[in-house]
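In what follows, a single structure is set out as structure tokens and then discussed.
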Amino acid sequence: MDSKIDIQTIADRIKNGQVTRIVVLTGAGISTSAGVPDFRTPNTGLYDKLAPLKLPYPEAIFHISYFSHTPEPFYAIARCRHPGNLKPTISHAFLALLAKKNLLHFLFTQNIDGLEEDAGVPADKVLWAHGNWKSQHCWKCKAEYPDDLMKTAIQTGEVPYCLRPECDGAIKPDVVFFGQSLPAEFDVKQSHVPEADLMLVMGTSLKVAPCSQLPRLAKEGIPRVLINMERTGDFGNREEDLCILGSCDDDVRQLADLLGWRDELEGLWKDTVETKRDTLDFDDGPTLDECIDKLVKEMDEKLQISAGHKRMLENHLGDKFARIMGGK
Ligand code: CNA
């Protein structure tokens, strides 16, 4: 369906006060320029990068049932995805600017990197629908685990285990894995969507429920704006839908130009990046590709050891069997 609106209309409605309650849904695409690959983009997305690991299916690395017996792949790449290593993008700063101008009604993020808060979006305006890395528990008995030990585990890539002697569960950051429920607040907070007079969706394939359903809750007749590399979800089905296809960072800069906010946006972004630079948790470490290569080698070695072990046992049993048979 042809859109009735364009980016200039959106900017005009914000400038003249017709739009005052913006609900935003974000996904991995707003953090790719911070150096965190999204999941599904071909070649650069994490799922394609994980192919050498030959996981049973790409999501397995973030699936609770797989993690419960094989947490190693998750920790092998944890350091490269940990928020302690990352700085907000200008798209995050744009969200903070919306909040500063009292236009952000609510933000739902599917991201677990916490960069919205680093950029200055007030925590009471955000739902981290898929959790975050701020705390961690044993996946099995739910016991808490100290922050300093977790930091060491992430730094070294070694899997941390429950400190309770009677438990052998691996520790999991409080991010929502596939197969786990979303925070209870999700049901309450989604009532903010129909209150919006503009819905903005940025950097998401809208493939993961239930967040993927949020844009459908926007009231008929209000503009729904998608800023993404590709068209996703049911965008385009309503006359008031606008799809701005391209990089989030370029598109928020364009919108900021039309709003006359560009200098303020760049200034806010520069400040948050500098603040975060001073508080980064980890020194430069291996890249994601290096982490994956290392894990592949380790797994190959383990397979060779177990294949060698199996051969040794078979030979040993074969000799024994021959001796027994010979002795009869
Ligand atoms: P996804 O399914 O990987 O989709 C990402 C979408 O963003 C795709 O449609 C891309 O085309 C688009 N995209 C990528 N880069 C850009 C860019 N620079 N500008 C505009 N669009 C871009 O990821 P979703 O977020 O839709 O899926 C939800 C998953 C991803 C959640 O469970 C997250 O926890 C998980 N995830 C989070 C992070 C993070 O916290 N930074 C990173 C990767 C995955």
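Every residue gets a Cβ built from N, Cα and C, even glycine.
If you check TrEMBL, you get these features:
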ACT_SITE  H130  active site, proton acceptor
BINDING   28-32, 38-40, 110-113, 204-205, 228-230, C248  NAD(+) binding site
BINDING   C138, C141, C162, C167  Zn(2+) binding site
DOMAIN    1-262  domain 'Deacetylase sirtuin-type'
F39, N111, C138: which of these binding-site residues put a Cβ within less than 6 Å of any ligand 1 atom?
F39, N111
Could you say whether, by DSSP, C167 (Zn(2+) binding site) belongs to a helix, a strand or a coil region?
coil
I want the residues beyond C138, C141, C162, C167 whose C-beta is within 8 angstroms of the mean position of the Zn(2+) site's C-beta atoms, in chain order.
W139, K140, K142, A143, Y161, L163, R164, D168, G169
Please identify, among the binding-site residues A28, S31, C138, C141, M229, the one with the smallest Cα-Cα distance to H130 (active site, proton acceptor).
A28
Binding-site residues compared (A28, F39, C138, C141, C162) - highest count of Cβ atoms within 10 Å:
A28
For T204 (NAD(+) binding site), nearby residues of its own chain (Cβ under 8 Å, 6 or more apart in sequence):
L25, T26, G27, A28, G29, Q110, C211, S212, N228, T232
Protein Cβ atoms within 10 Å of N111 (NAD(+) binding site), excluding its own:
25
Going by C-alpha positions, which of the binding-site residues (S31, F39, M229) is nearest C138 (Zn(2+) binding site)?
F39
CA-CA, which of the binding-site residues S31, F39, M229 lies nearest C162 (Zn(2+) binding site)?
F39
Determine, to the nearest whole angstrom, how far the Cα atom of C141 (Zn(2+) binding site) is from the Cα atom of M229 (NAD(+) binding site).
41
Sorted by position, what residues of the same chain at least six away from M229 (NAD(+) binding site) have a C-beta under 8 A from it?
G29, T41, L245, G246, S247
Test of understanding: give the count of other CB atoms lying within 10 angstroms of the CB of S31 (NAD(+) binding site).
27
Return the residues near C167 (Zn(2+) binding site), defined as same-chain residues 6+ apart in sequence whose C-beta is under 8 angstroms from its C-beta, sorted by sequence, else 'none'.
C138, K140, C141, A143
Which whole-number mean pLDDT does the model give the domain 'Deacetylase sirtuin-type' (1-262)?
94
Please classify the secondary structure at A28 (NAD(+) binding site) using three-state DSSP.
helix
